[in-house]
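Beneath this line is the structure, given in structure tokens, with notes to follow.
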Amino acid sequence: MSNVKPNIKRQKRVCDICKVGKPVIKRPKTGQMVCKECFYFVFEEEIHQTIIQGNLFKENERVAIGASGGKDSTVLAYVMNLLNKRHNYHLDLVLLSIDEGITGYRDDSLETVKRNARQYNLPLKIVSYKELYGWSMDEIVKEAGNKNNCTFCGVLRRQALDRGAVMLGAKHILTGHNADDIAETVLMNILRGDVPRLQRCTFITTGNDSMIKRSKPFKYTYEKEIVMYAHYKKLDYFSTECIYAPNAFRGNARVFLKDLEKVRSTAIMDIIYSGESYENKSSNTLPSMKTCERCGYMSSNKICKACILLEGLNKGLPRYLIKKKTLINYNFLFI
Ligand code: SF4
């Protein structure tokens, strides 16, 4: 046998997009090996395409970006600021943060949002549960126990965002919900048999018929790519979990989705597309939006859920009122 090694030169692997750069990232969404610069560009431009196809904005619109200091909203603020300039959206962007009053969590994450506001040169408005409702989340948990904290928090946050937007003169709120969040919510609505919300949770914009609409520019953006983008761009974000975060049902849906992804890499997009093409032909539909007779904010009933929960807290009956069927699991429905 000859000891002479064949003279085969190993071909240098190059980026699948530009065919020049060194690939350092395998895109979870497409499986492509890409260089950093191409990853940034396709990540940003896919969001731009989602915005254009969804016809999300009007020129000169004032738009509030829901900012928590976490990875999703930090990347959202950064990318929206960048695309607004690159593609001349002519949007008046502002950051809107909610201070739920959770010591050791929100106080630290709000410091991150304040730094982001300076870094991206965007105005910031912070509204707190304490100033809006007279209760902080720490006080609510003390009063109501730690079983239903996310139900209280979710109901109050939804309205707090609307109130904050009104204070800012914005009629449009952007949230950082990503493709993984939406696929999880589709699964949860299937598991809960919530037919009317099954399709609605995949809408890119909701609230078109109300005074403040909400949009999700990251509807088709994978969580893993958001984390990679924040990491490689060295964005300043806060990654600690809320101290009151049990949310077991969503956690189960998340684990199930990850398992599905292992055997079918397109599972996230497939589930979103399924939700989008679902058509509700039953008589079971979502109630139309009106305004709460007490506080004047959006509600599907005469009295909104925030007012019902606050009444329970103020009367010392928080657990009684939260057991009313309409409030159970309300926190799962935010997207
Ligand atoms: Fe509020 Fe629950 Fe989120 Fe904590 S995990 S911020 S309590 S909704």
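Think of each number as a place in line: the chain as shown, counted from 1.
Just so you know, glycine gets a Cβ as well, placed from its N, Cα and C.
The domain 'tRNA(Ile)-lysidine/2-thiocytidine synthase N-terminal' annotation in TrEMBL covers 63-241.
Taken from TrEMBL, the feature ATP binding site covers Gly66, Ala67, Ser68, Asp72, Ile98, Gly176, Asp181. A sphere of 10 angstroms centred on the C-beta of Gly66 (ATP binding site) encloses 22 other C-beta atoms.
Per TrEMBL, the feature domain 'Cytoplasmic tRNA 2-thiolation protein 1 C-terminal' maps to 291-319. Away from its own ends, the domain 'Cytoplasmic tRNA 2-thiolation protein 1 C-terminal' (291-319) comes close to residues 133-135, 140, 143-145, 148, 151-152, 155-156, 158-159, 162-163, 207, 210-212, 326-327, 330 of its chain (Cβ-Cβ under 8 Å, at least six residues beyond either end).
Annotation note: Ala67 (ATP binding site) sits in a coil segment as assigned by DSSP.
Its Cβ placed at the centre, Gly176 (ATP binding site) has 22 other Cβ atoms within 10 Å.
Broken down with DSSP, the domain 'Cytoplasmic tRNA 2-thiolation protein 1 C-terminal' (291-319) shows 12 helix, 3 strand, 14 coil. DSSP assigns Gly176 (ATP binding site) to coil in the three-state reduction, outside any helix or strand.
Note: Ile98 (ATP binding site) has non-local neighbours Gly66, Ser68, Ile126, Val127, Ser128, Tyr129, Arg157, Ala160, Leu161, Gly164, i.e. same-chain residues 6+ apart with C-beta under 8 A of its own C-beta. Summed and averaged per residue, pLDDT over the domain 'Cytoplasmic tRNA 2-thiolation protein 1 C-terminal' (291-319) gives 87.
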